[in-house]
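Visitor: The structure's right below; bear with me while I get my questions together.
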Amino acid sequence: MTTLRLLISDSYDPWFNLAVEECIFRQMPATQRVLFLWRNADTVVIGRAQNPWKECNTRRMEEDNVRLARRSSGGGAVFHDLGNTCFTFMAGKPEYDKTISTHIVLAALNSLGVMADASGRNDLVVKTPDGDRKVSGSAYRETKDRGFHHGTLLLNADLSRLANYLNPDKKKLAAKGITSVRSRVANLTELLPGITHEQVCQAVTEAFFAHYGERVDAEVISPDKTPDLPNFAETFARQSSWEWNFGQAPAFSHLLDEHFTWGGVELHFDVEKGVITRAQVFTDSLNPAPLEALAGRLQGCQYRADVLEQACKSLIAEFPAQKGELRELAAWMAQAVR
């Protein structure tokens, strides 16, 4: 019986692909070696311990319909589009060894005519007249009896968009958590004009087969029908949830301030697991009562634009004379936390 398994996703949904990865990883026999190939449409993927409000321009992402996906491995934030090819290698212990999967990817690149080297813990780089340029980044996860190595290969990614989403607004945000390190990157199309996702997948697959001396047929994973994977529906629901993607952020504090025609406002939030644990409101408004009431309404709310906006508007019934001010405040607050 073969010990290899090859899976290829035809979905561009990051939550679907990460849920597939998680399910395969949890249920694979310890004797199996798995290669999973996939790619995502416009997505910022953050590490397990990262804070999306600190790492990303969440407002710009929402405007441009870019998804946020939190992965189960550590490391930094990356932007995925269809110019990235994603790979995941899985194996049971003691056989799991990320140097083996790194060797397979390097062999695949070599077969395409690209000489790359491993650099540091996570990157593959190519030498250019301008110095080393990163063409692949990776992250890893291990449990007691198994491990995986997943990463991306930059084929024809829109590198100009990296800065759009991975540079957060200059918010007054004091946050804990892992900060991403920006690297100089290059697309493989600069070295191999016309290279395609399919060609790269084929090269990685052949290198995978060659290393283990076996061949297997590919299993195509599609969202058109629920994959036959244990607990997939529950895993997908969690992977796509606000509670996982945003709510798992490390604790942080956020200060918002604005001056309106009716007075200045400062909001101080402490946020844990995506929920406001403390809210303070300061104002020089001549009628501070609605704002004092707002602090109590916000405590315990999810740190979401729509939730905060609704909490503010809910005070209109209690303070109808300040309807205009409360609507203005609600709109500003929703925009400020996006």
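A Cβ is built for glycine as well, from the same backbone N, Cα and C atoms used for every other residue.
Remember, predicted model here, so these are calculated numbers, not experimental data.
Swiss-Prot feature annotations, pasted as is:
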type	residues	note
BINDING	R71, G76, A77, V78, F79, K134	ATP binding site
BINDING	K134	(R)-lipoate binding site
DOMAIN	29-216	domain 'BPL/LPL catalytic'
Visitor: Could you tell me the maximum Cα-Cα distance in Å between the residues recorded as binding ATP, namely R71, G76, A77, V78, F79, K134, rounded to a whole number?
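Guide: Across R71, G76, A77, V78, F79, K134, the two farthest Cα atoms sit 21 Å apart.
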Visitor: Taking only the residues in the domain 'BPL/LPL catalytic' (29-216), give me the average pLDDT of this model.
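Guide: Reported value for the domain 'BPL/LPL catalytic' (29-216) is a mean pLDDT of 88.
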Visitor: Including all protein chains shown, what's the count of other C-beta atoms within 10 A of the C-beta of A77 (ATP binding site)?
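Guide: A count of 25.
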